[in-house]
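Participant: Got a structure for you, written out below as structure tokens; questions coming shortly.
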Amino acid sequence: MAETATPASQAAAQPSVWRIALRNRSVFWGGLLLVIIALIAVFGAVFTVDPIAINPIARLKPPGDFGLFGTDQLGRDVFSRVVNGARISLTVGAAVAVISIAIGLFLGLVAGYFRYMDAVIMRVMDGLMSIPAILLAIALISLSGATLLTVITAIVIPEIPRVVRLVRSVVLTVREEPYVEAAIAAGTRTWLIMLRHVLPNTIAPLIVQATYVCGSAMLTEAILGFLGAGIPPEIPSWGNIMSEGRTFFQLTPWIIFFPGAALAVTVLAVNIVGDGLRDSLDPRIARTMR
Amino acid sequence: MLFYIFKRVLMTIPVMIVVALFVFMMLRLSPGDPAAVIAGDYATAEDVERIREQLGLSEPIVVQFTKWLGQLVQGDLGTSIFSNKPVAELIVQRIEPTMLLALSTIVFAVLVAVPLGTLAAYRAGSWVDRFVMLFSVGGFSVPVFVLGYVLIYILSLKLKWLPVQGYRSPFTEGIGPFFAHITLPTLTLSVIFIALIARMTRASVIEVLEEDYVRTARAKGQSEFKVLMRHALRNAAVPIITVIGIGIALLIGGVVVTESVYNIPGLGRLVLDAVLARDYPIIQGLILFFSFIYIVLNLLIDLSYSLLDPRIRY
């Protein structure tokens, strides 16, 4: 707690959050793996063939002559599709993490600090939490049409309650701290107390939470694509590639295995970074979870 | 105690209303004309009008909501647009495979995860512990359907031990075929649960093992097995049960995917068919149904705390 309870004004004098985090082995190796995947996502398209180019002669070919990962039922290069799918997966993961943390942070601060809003916000969050995330996402997407934006929105909404609960619990602890009471007694404005004393305390647990949200968002995106309820099928996302691979699974299992492995490795990297961050940044959570 | 139960049951009502309101508003707030969205691209003007009437979309919104809520309280989840059957009836028709899959998954996951987590806690830092922690990180990273296909590939296609897909009812088609068909889906779906429960078991048993009463139990010469079972695990039960409750939400999502992979004609398939057919009343009814189950199960888990731990009194 000593680490997280430090007011922002003193934080600069201590080693930065990132420096502490990188000392942790899992953060370092998981982070390295993520950086590599991100580089592949950004620059991979330059070095691969067109992921949507159809080649009727080379249909359902095994890995080898017709590309490193083989080809699908339209003769498209699976390797190129997997490389290009990384970008979509990472975009969705990062976007969902940032948006749901931002909304959750705001609602959590409000619920934790303004007691009269607490009951209302928390009942809404309880309700939202009891709706199965995948069903909610499927319903939202089928109603508003499948685009990258609606998919991200549909994954964000069920993730918000967990962030709100986390922020709220931090705020409830912090507002009892002597330095917050002192600030209130000194007549500091509410928004200034929030900004200077409450907000800094939420940063460490939120960074940890963001990684978990990112990992689960990438999984949800793939599941939606796989179920045929995700982003439009012509976009080569990992979920979509696997969805198309289903029909010929017994014949050509590699169409599902390669994007599946890519997804699993990416989510694993994110989760390893998350676990490492939790251990090094947030001793409070680390104690209860380990 | 009775008063607490009553209070706790009452507390679920606002949550259920929030769920109902959310599901209700989802259709009305979606961009464009919901009746046209549901009718699809090839619908005629009459089709759109018919759906608008059927869903009551032409009435004032408050009237719509009260009417709809009144029907819900009576167990009327609406009527399917395409088959014209009550959604509740469709749910009853498809519930058996889903319930049995969910049940077998929870039973299997608890039977594997609790001993595994306890062992990991008892031998913290050993190879068992490392394996459990590795498994729990990995279990959260592999998507359910990829795992499903890997298992089908190895156990069904290569080794030919188990049937590839499908479902057999234990009531009409016999217990043997039922287990043969439910084994793979159960294995697939339980991995993430084993990860979740084993991790929580490990964490709470480690905490309990440091307690004074565990030291006392050992000091009076009780066997290590009894120390673990009677003192450690019993006192660690509440967080373990809680995490199982949280896992119900995960389970519901997982069931939809698993049923799709294994071609099981349950509620998950009902949802997906409804999405393809844009049969919105079915989707809406199923969301309400699953949320209801989630709320009720978590209520029961909340109430079970005082049975598990006599120190918890209300």
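Any Cβ shown, glycine's included, is placed from N, Cα and C.
TrEMBL labels come from automatic prediction, so no person has curated them.
Not my notes, these are from TrEMBL:
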type	residues	note
TRANSMEM	A:27-49	transmembrane segment
DOMAIN	A:86-274	domain 'ABC transmembrane type-1'
TRANSMEM	A:90-114	transmembrane segment
TRANSMEM	A:134-157	transmembrane segment
TRANSMEM	A:251-274	transmembrane segment
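For the listed features, I'd like the structural context: burial, neighbours, distances.
Facilitator: Sequence-distant contacts of the transmembrane segment (A:27-49) (same chain, six or more residues past either end, CB-CB distance under 8 Å): 21, 67, 77, 79-80, 83-84, 86-87, 89-90, 265-266, 269-273, 276-277, 280.
Residues 37-38, 41, 121-122, 125, 148, 151-152, 155-156, 159-172, 175, 190, 194, 198-199, 202, 206, 209-211, 213-215, 217-218, 221, 266, 270 of the same chain sit 6 or more residues outside the transmembrane segment (A:90-114) yet have a Cβ under 8 Å from a Cβ within it.
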Participant: Cβ under 8 Å, sequence separation of at least 6 from the ends of the transmembrane segment (A:251-274): give me the contacting residues as numbers and ranges.
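Facilitator: For the transmembrane segment (A:251-274), the list is 26-27, 29-31, 33-34, 37, 60, 62-63, 69-70, 72, 78-79, 81-82, 85-86, 89-90, 93, 208, 211-212, 214-215, 218-219, 222, 238, 241-242, 244-245.
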